[in-house]
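Participant: This is the structure, below, for whatever I ask next.
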C-alpha cells in the first residue's frame, strides 16, 4: 500500500510543474469539487489532485489494467494512435479517479456502436466552429472505418494543445470531466498530452461548468464528442446516400438530429439544415415543389424578402454592390449616355449608390437608363415597376436623367438581345450623337443557369450581342456543382458552416434587436433554402450550382470575355465598408488576380469579377480611355 | 452671456474703458456658426441645447457641412457645389452626419480601441462611402406607388447604436 502510495505520489511529483497551472485555473472549482478532505492523500492534494488514501490500492490496480488495455489495443491497430497516446496527452485535475478509471475501462471493453474517426483540426478561435473539412475529414474518415475497439472519449487527433489562456475552454472540459480525471494514468508515461477535440461552443462550456461545479455531476465530454460524432454522422449519411443505401442513411439522419440538439450556435443550425435536407432527399426522392427547391412563383416574393434580410444582416451583398458599382462607374467614365442591365433586380438596392456617384462625378451626371429583370410575381403585383418608380423618384431628387424598364422573365435564358437594347424609338434623334454604353450586372444569378445545359452559353451570347463595356459578375466562391454528391455535400458543409459562423460573429448589437435580430434569423433561413437546394434537389431543380472563381474564369474566357481588373478604389471602399460592420475583424477582402473576394477569416465566400467582350472595338476603346484617365 | 475675450492692446485704446474689450458672440451669428462648425458632431449636438440662438445656428446646413467635411476623407476635390446639392436633395448634411458619418466614426473608434488589426485604409470614413450609404437609406425611405406600408428602413442598422441622441 505504501509503495503504491509512493509511486502515485512520485508520479504526481514528476509532473508537479505541469500540474500547477491546472491548480491555479481550477482553484475555485477544485474547492467546490473537493468537498471534505478527510481521507484524501495529502501529498497529492497539495498538487490539487484528490485521491482518497483508502482507494489508492484499488486505483493503482485499475490503472495497471488500463495501461495494458490501452497499450494492447492501440498497438494492435494503429501505431500512430499509440504514438499520439504516448506523446500527446495532457493531464487534468482528477477528483474521482476510481470512477474515471472504471469508465475508461468499460469503454475500452465495449466499443461504441459507431466507429469514431479523429476529429478534424480545430479552428483558431475556440468559439467558432470552422473546420477544414475536405482534406481532413476524408483522410480521417478512412481511419475511422478501421474498426477500432479503443473507444476512449479522448480520441487523439491533430488538434492544438490547450493553452493556459484558453482556460475557459480547458477548464470547462475539465469540469465536464469532473468525475473522470485521467491524471494518474499519465503518470505512467512521461509527458503525455491528450490531444483534445475541437472545443465546443462557449455556451455549452459554461453550461457544463455551471452544472458540474454546482452538482458535482458528470456532464460528460459528450458535448465535444457529440460535435465530432455530428460531423462524422453527416458525412456518413451523405456517403450512404451516395451509395443509395437509403436505409442506413435514414438511421443515421435520426442520430444527427439528436446530436445536433446538443450543440449550440452556428453548428446546431447548420447541422439542422443539412439534416433536414438529407432527410428530404432520403425519404422523398422526388421532393415536391416548394422549400426553394425550384423557384416557383409562390416563393419568388418570399425569396425577395429573405434576400433583403440577408442584405441587411451581413456584408456580402453590400460588398457585391459596392464593388460592382465601382467597376461600372469607372467603365462609364466619359460617356454621356449609359445603360445598365440588371439580371436580378429585386429591390434595386444596388442602384441608389450608383445614381448618387454618377450625380457627383466630374463633368456632371450622364443620362442613365436602367433595365431590370426579375422573375414573375405571384399576385400580379408589378414589383419591378414599383422599384423602378422609387428609383426614378430618387433620381429626380438628385437630378439625374433616369429612364427605367422592367422585364419579367422566368429564366435569363428567355432573354433576347433586342429586348435589352431597347426600341430605337426611345430618345429620338439623340441616339446618333451619343453612343449609349451598356453595362451588364449579375449578382448571384448566373449559377442558376447551369441547371439547364446550354442556358449559360445562350445568356453569355446574349450579353455579347449587347456589346457591353463592362460585365460585372458576383458569385459564391464555392464548388457546389461537383458530379459526386459526397463532394458537393462536403463542400457545402464547409461553406455554409463558415457563412453561419460569420453571421454569428458579425451579429448586430443586442439593442438593435427588433429588426436586427429578425435579420439574422431570416438570413439563416435564406441560407437554409440554399442548403436544401444543394443537398436535396437534383437535375433542373437544383439551381444553386455554385462554382469557384477559377471555374467562372474559364467559362467566361470560353465565351469570349476578357477579364477587367477591378481597381484599387473598389478594394479601399470595400475595406472601409467592412470596417464598419461589427465583427468586421473576421471579414477579409482579398484581391485575386484582378477580382475581389470577401471571406470570413481564411475562407473566401463571395467573389466579384468584371469582364468585357474580347476584341470588341467599342469596349476596348472605352477601357483604354478608362485606363488612361 | 457668452463672451469672447480679445487680447487687450493699450495703444489702440482711445481713452474710453480701460481693460479688455468684450465681444459677445451671441451678437454675431455668423461668427458663432464659424466656431460651431469646428466642433465634432456630438459636441455640436450638445451645443444645440444651450439656448435658442445656438440651437438655430447649430442647425444650419453650412455648419453641419463643415463638420462633415472635417471628419471625412474627401477622395477627389470634386465638384463641391454638386455635392452640396445632392446632399441637400437626399436630406441634408445634418442628417448625413446623424445617420451615416456619426455612427461610422463611432464604430471605427470602437474598432480602434479593440485592436490595431484594422488596416489603415479602413480607418477613415470616406465621403463617397458615406454618401452611398446615405443614398441607400434615402431610397429605402421613399414610399411605394400606392403608399404601401413600408418597413422601417434598415440598411443602416448595421451602423446603429442603441440610443440615438440627436
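Residue numbers in this text run from 1 along the chain shown.
Backbone N, Cα and C atoms are what each Cβ position is placed from, and that goes for glycine too.
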Participant: Which is it, of A:333-337, A:338-342, A:343-347, A:348-352, that TrEMBL names as motif 'VHIID'?
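Facilitator: Here TrEMBL associates motif 'VHIID' with the stretch A:338-342.
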Participant: Labelled region 'Disordered' by TrEMBL, one stretch among A:88-107, A:108-127, A:128-147. Can you tell me which?
Facilitator: A:108-127
Participant: What range among A:386-418, A:419-451, A:452-484 does TrEMBL describe as region 'Leucine repeat II (LRII)'?
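Facilitator: Per TrEMBL, the stretch marked region 'Leucine repeat II (LRII)' is A:386-418.
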Participant: Who are the long-range neighbours of the region 'Leucine repeat II (LRII)' (A:386-418) in its own chain, taking Cβ under 8 Å and residues 6 or more past its ends?
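Facilitator: That would be 343, 345-348, 351-352, 355-356, 358-359, 365-377, 426, 445-446, 448-449, 452, 454-455, 458-459, 462, 465-466.
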Participant: When the pLDDT values for the region 'Leucine repeat II (LRII)' (A:386-418) are averaged, what is the result?
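Facilitator: 90, rounded to a whole number.
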Participant: Just to be sure I understand, if DSSP states are collapsed into helix, strand and coil, how many residues of the region 'SAW' (A:536-612) fall in each?
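Facilitator: The region 'SAW' (A:536-612) comes out at 26 helix, 26 strand, 25 coil.
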